[in-house]
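The block underneath contains the structure these notes are about, expressed in structure tokens.
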Amino acid sequence: MKFLDLAKVYIRSGGGGGGCVSFRREKYIEYGGPDGGDGGKGGSVWIETVDGLNTLIDFRYQQHFFAKNGQPGRGQQRTGKDGDDIILRVPVGTEILDEDQETVIADVTEVGERILLAKGGNGGFGNLHFKSATNQAPRRANAGQEGVDRTIWLRLKLIADAGLLGMPNAGKSTFLAATSNARPKIADYPFTTLHPNLGVVGVDGAEFVIADIPGLIAGAHEGRGIGDRFLGHVERCSVLLHLVDGTSEDVAGDYRTIIGELEAYGGHLADKPRVTVLNKVDALDDDELEAAKAELEQEAGHKVMTMSGVSRLGVTEVLRALRSEITEDRLRLKPQEETKPWQP
Ligand SMILES: Nc1nc2c(ncn2[C@@H]2O[C@H](COP(=O)(O)OP(=O)(O)OP(=O)(O)O)[C@@H](O)[C@H]2O)c(=O)[nH]1
Ligand SMILES: [Mg+2]
């Protein structure tokens with residue numbers, strides 16, 4: 001699947017068709033009254049969230065979405081045809097931003113949500129509308145209302161329940177592959193993962209979605225490595241899973257680096273519930289494991305779990321820990337979501 005999480009899109013709604021000036025012309029009716037029809041409405045541009053999409057890649061190939069104008073009205077009271085609406089289909093979790101890339105126009109988080117981005121212009125009234133007691137033969141009709149031009153940005157923030165964090169090579173993709181249906185690329189060099197991958201995992205009969213994102217290094221917030229922009233994709237997660245490579249020379253330093261990047265990223269990312277795991281323990285003997293674990297716990301200031309994505313030792317326990325955080329978070333969110341008023 002090709003991935004794109006930011007797209008600039010030009011939209012334009014259709015203008016309304018003009019109203020028509022026309023008079024009845026029939027045999028034996030000398031001064032037929034006005035019969036000019038109204039113009040049709042211009043097409044509107046909408047955005048709709050659909051299921052099963054995890055990328056904005058379609059918007060790389062098409063950036064212009066112009067709805068058709070309404071047709072002008074015609075004689076014999078015929079209304080012009082409306083321009084068809086256009087619907088942009090986007091994945092759940094897409095933010096719609098104004099041209100400045102800052103003002104959020106909408107944030108669509110439910111499947112099937114539909115938002116009007118640019119309303120089509122109304123058609124103009126035909127002269128039939130202007131007939132009055134004093135003017136039986138109006139020569140007046142309205143022009144159609146103009147369409148609206150707009151430039152918007154679409155920014156996708158994937159919706160996952162748990163987000164994977166760690167330095168390059170920490171074993172994030174290996175863990176995702178071991179626990180889910182996802183088949184991310186895995187290799188022993190840094191930055192194997194270049195864009196987020198999602199996988200559905202199951203534990204104890206529950207299912208949830210994990211997002212694997214590219215590794216972070218010190219200075220990622222200043223653009224080092226491949227930067228920290230993919231952290232946006234774990235902003236909505238209930239819990240972060242921080243993997244620390246147990247075979248690293250500096251387990252505490254690796255831990256600190258990631259926390260530092262979370263803090264530098266800002267928002268509430270650093271305050272999110274986190275599960276910290278010492279990974280690759282299959283490659284450590286007992287003493288090494290104990291030492292690395294003690295070092296990591298000291299640095300983190302809390303208990304850490306141990307796991308091997310390769311041998312799968314400890315994997316189920318980690319999934320259970322994630323699940324419990326996710327459940328708690330969903331319970332916390334529920335009442336709030338239910339009372340949220342619908343805003344068009
Ligand atoms: N011994 C051992 N090696 C592992 C384990 N998990 C991953 N590896 C190895 O570590 C290397 C990196 O694994 P990846 O899963 O690609 O790591 P990543 O965190 O996704 O790396 P990036 O995508 O580059 O950020 C690969 O050579 C894996 O085979 C583990 O549990 N034990
Ligand atoms: Mg990876």
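Each residue, glycine too, has its Cβ placed from N, Cα and C.
Listed in TrEMBL:
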- 166-173, 191-195, 212-215, 279-282, 308-310: GTP binding site (BINDING)
- Ser173, Thr193: Mg(2+) binding site (BINDING)
- 1-159: domain 'Obg' (DOMAIN)
- 160-327: domain 'OBG-type G' (DOMAIN)
Could you say which of the binding-site residues Lys172, His195, Lys280 has its Cβ with the most other Cβ atoms inside 10 Å? Lys172
Roughly how many angstrom lie between the C-alpha atoms of Gly166 (GTP binding site) and Ser173 (Mg(2+) binding site)? 10
A 10 Å Cβ contact count, applied to the binding-site residues Asn169, Ser173, Thr192, Thr193, Ser308: which residue has the minimum? Thr192
Could you state the CA-to-CA distance between His195 (GTP binding site) and Ser173 (Mg(2+) binding site) to the nearest Å? 11
Which binding-site residues out of Gly166, Thr192, Thr193, His195 lie by ligand 2, going by a Cβ under 6 Å? Thr192, Thr193
Simplified to three states, DSSP reports Asn169 (GTP binding site) as coil
If you count the other CB atoms within 10 A of the CB of Pro214 (GTP binding site), including all protein chains displayed, you should get 25
Measuring Cα to Cα, how many angstrom lie between Pro214 (GTP binding site) and Thr193 (Mg(2+) binding site)? 5
CB neighbours within 10 A of Gly166 (GTP binding site), counting all protein chains shown, number 25
